[in-house]
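**Student:** Just passing along the structure, written as C-alpha cells.
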Amino acid sequence: MSAAADRLNLTSGHLNAGRKRSSSSVSLKAAEKPFKVTVIGSGNWGTTIAKVVAENCKGYPEVFAPIVQMWVFEEEINGEKLTEIINTRHQNVKYLPGITLPDNLVANPDLIDSVKDVDIIVFNIPHQFLPRICSQLKGHVDSHVRAISCLKGFEVGAKGVQLLSSYITEELGIQCGALSGANIATEVAQEHWSETTVAYHIPKDFRGEGKDVDHKVLKALFHRPYFHVSVIEDVAGISICGALKNVVALGCGFVEGLGWGNNASAAIQRVGLGEIIRFGQMFFPESREETYYQESAGVADLITTCAGGRNVKVARLMATSGKDAWECEKELLNGQSAQGLITCKEVHEWLETCGSVEDFPLFEAVYQIVYNNYPMKNLPDMIEELDLHED
C-alpha cells in the first residue's frame with residue numbers, strides 16, 4: 001500500500017473515531033399504542049418537517065397514529081383561511097407553495113386541541129414565540145410526552161443562556177431533544193437528497209421499547225429516502241451550531257453585499273466556526289467538539305446557511321441598500337424571520353453579562369452592525385481584535 005493510501009486510511013480513522021451513527025434502515029418494535037404526533041408551526045420549515053413526519057406516520061402504522069396535527073397560526077389568504085386551504089387543497093400556499101402535502105396532515109388553528117392526547121410534539125416556530133407557546137401549553141401536556149425542537153436560538157434570562165430544548169423541558173416538564181442540519185426547507189420539501197441530525201438523550205424515566213420514544217422511534221419519524229437522519233445524544237452541540245450559524249451568516253451577507261467575494265466569506269466562516277466551538281466549550285461543556293465537524297448540524301449546516309439562506313439575504317440587502325435589518329427582513333421574507341437578528345442580540349447580552357464580549361469579536365461585530373449601525377467595512381479590523389487579545 002502506498003504512503004498516500006496509508007495517510008488516507010489514517011485520516012479516515014481519525015474522522016470516524018468514536019463516531020456512532022444509526023444505520024439508514026430502521027428495525028422497530030410495534031408500539032403498544034401508536035404514538036400520536038403533533039407539529040407546532042406551519043412556516044416554511046415547519047410545514048416541510050410536518051410533510052416528512054406525516055409521510056412516515058403513514059408508513060409506520062404499527063408505530064405512529066396515522067393522523068398528524070399541524071398547529072397553524074390562522075391567517076387569511078385572499079379571503080380564505082389558511083387552515084382550510086391546507087386541509088382542502090393540501091398545500092401551504094403562503095409558506096410552502098407548489099408542494100403537495102400528505103392527506104393525513106391536518107392543519108389545526110387551535111393550539112390546545114392540536115396537542116390533545118399527543119405523545120410526540122415537534123416544535124418548529126420562530127424562537128421568539130416559544131415563551132408564549134409554552135405558557136399556553138402549560139397544564140395541557142402530560143409528563144409522558146416527548147418533544148423535538150427544530151428551533152434555532154437561545155433563551156436568555158435571569159437563569160443565563162439556555163438551550164431552547166432545555167427551556168421546553170423546564171417549562172412543560174417533558175423530555176426534549178433537537179433536530180438541526182444542512183437543510184434548506186424548500187429543497188427538502190422538493191425531496192432533493194439531504195442529511196440532518198437529531199439529538200435526543202434517553203431520560204431516566206424511559207418506559208421501555210415499544211412504550212416510549214427512543215432513537216429508533218425518532219429515526220423512523222424523520223428519516224426519508226431523500227432526508228437521511230443521524231441520531232446522536234449531543235443535544236447541546238447541535239443546538240449551539242443551529243443557533244449561532246445564523247449570526248455567522250449575517251457576517252457573510254455583509255461582505256457579500258460589499259462585493260468582497262468568496263475569500264472574505266470563507267474568512268467569516270472560519271472565524272465563525274471557531275467562535276461557535278468556543279461558545280460551546282465556555283458555556284455548554286457537555287457539548288462534544290466532534291459534533292461540529294462530523295454532523296450535518298455542524299460545519300455542513302454552517303456552509304449551507306452562509307451560502308444564501310434568509311440571514312445572508314437580509315444582510316446582503318442591508319449592505320447594498322443602506323436599509324436597516326427590519327426593513328430588509330420585511331421586504332424579503334414574506335412574514336418569516338431572519339433568526340440571526342434576534343440571536344446576535346441575545347448572545348451579546350449574555351456575553352456582556354459574563355464579561356466575555358472580547359472573546360467573540362465576530363458575534364459582537366454583527367451585533368454592533370445590526371443594532372448600532374457600525375460600518376460594515378470595519379469587519380476585518382473588528383475580527384482581528386481576537387488575535388491581539390491572545391498575544
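Backbone N, Cα and C atoms are what each Cβ position is placed from, and that goes for glycine too.
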**Student:** In Swiss-Prot, ARG310, ASN311 are given as binding substrate, so which of LYS116, LYS138, LYS152, LYS159 is in that site too?
**Tutor:** LYS152
**Student:** Could you look at GLN91, GLN162, GLN281, GLN339 and say which one Swiss-Prot places alongside GLY41, SER42, GLY43, ASN44, TRP45, GLY46, PHE73, PHE129, ALA185, ARG310 in the NAD(+) site?
**Tutor:** GLN339
**Student:** Swiss-Prot annotation phosphoserine: which of SER12, SER27, SER135, SER356 has it?
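**Tutor:** With Swiss-Prot as the source, phosphoserine is noted for SER27.
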**Student:** Kindly assign LYS152 (substrate binding site) to one of the three DSSP-derived states: helix, strand or coil.
**Tutor:** coil
**Student:** What are the other residues, in sequence order, whose C-beta lies within 8 angstroms of the center of the C-beta atoms of LYS152, ARG310, ASN311 at the substrate site?
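**Tutor:** For the substrate site, the extra neighbours are LYS245, ASN246, ALA249, THR305, GLY309, SER337, ALA338, GLN339, GLY340.
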**Student:** Note down the number of other Cβ atoms within 10 Å of the Cβ of GLY41 (NAD(+) binding site), including every protein chain shown.
**Tutor:** 24
**Student:** Among the binding-site residues listed here, ASN311, GLN339, which has the most company in the form of other Cβ atoms within 10 Å of its Cβ?
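**Tutor:** Of the binding-site residues ASN311, GLN339, the highest Cβ count within 10 Å belongs to ASN311.
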**Student:** Which of the three DSSP states, helix, strand or coil, fits ALA185 (NAD(+) binding site)?
**Tutor:** helix
